[in-house]
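Working notes, beginning with the structure itself.
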Amino acid sequence: MSSTDVVEEYVQDERDPSRSPNVPITGLMVQYYHVCKRELWFMANGIDIDRETTNIQRGTHVDETSYGTSRRSFMIDNRIQLDILDSGDVMEVKVSSALEKPARMQLLFYLWYLREIHDIDKDGVLAYPTERKRESVVLDETTTAEVESTVRGVLDVVGRDSPPQLEKKPYCGTCLYQDLCWM
Ligand code: SF4
């Protein structure tokens, strides 16, 4: 089966109420895939940690009152939690732009999921209120390919029998798995 088929099969499993994907992908899984594939494997294979603490340490957690008056939260399929602004854009708020790529890919995955699974076309806004910074995020040919590559990658990593090889990451110091990896 080609790698394209993996994504097509995933979409079919998500769209068909009588089927469900073997690995229901979440925004957090997408984020972890771009932070550390080993961390994604631990998380998806039942080795659990206090994610809230990790996200606070990394600056990916954000105060829920940020932009509280202009956005509404939705839970899609009991798995995809996203915020919609009055403008209709999907907003992802982060404290710091230090982990810009994981945050951008998480938001792009939400936009892709809405379009591919629910036929809803949306644009996105990535916001860093403490830095007074906003970035528009849209699905085009390039970013769609990035998301689909990520979906393939997540399915590959999660399905492995053992975690990806240990490599030092810039994020190890803020990772609660560091005791497993480095001690
Ligand atoms: S400690 Fe480092 S290598 Fe281990 S899971 Fe965390 S980020 Fe990945």
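Every residue gets a Cβ built from N, Cα and C, even glycine.
What Swiss-Prot lists as [4Fe-4S] cluster binding site is C36, C172, C175, C181. What Swiss-Prot lists as Mn(2+) binding site is D83, E92.
Known features from Swiss-Prot, placed on the structure.
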residue	record	CB count, 10 Å
C36	[4Fe-4S] cluster binding site	21
D83	Mn(2+) binding site	21
E92	Mn(2+) binding site	22
C172	[4Fe-4S] cluster binding site	16
C175	[4Fe-4S] cluster binding site	22
C181	[4Fe-4S] cluster binding site	17
Centre the Cβ atoms of C36, C172, C175, C181, go out 8 Å, and tell me which other residues of that chain have a Cβ in range of the [4Fe-4S] cluster site.
R38, E39, K169, Y171, Y177, Q178, W182
What is the separation, in Å, between the Cα atoms of C181 ([4Fe-4S] cluster binding site) and E92 (Mn(2+) binding site)?
30
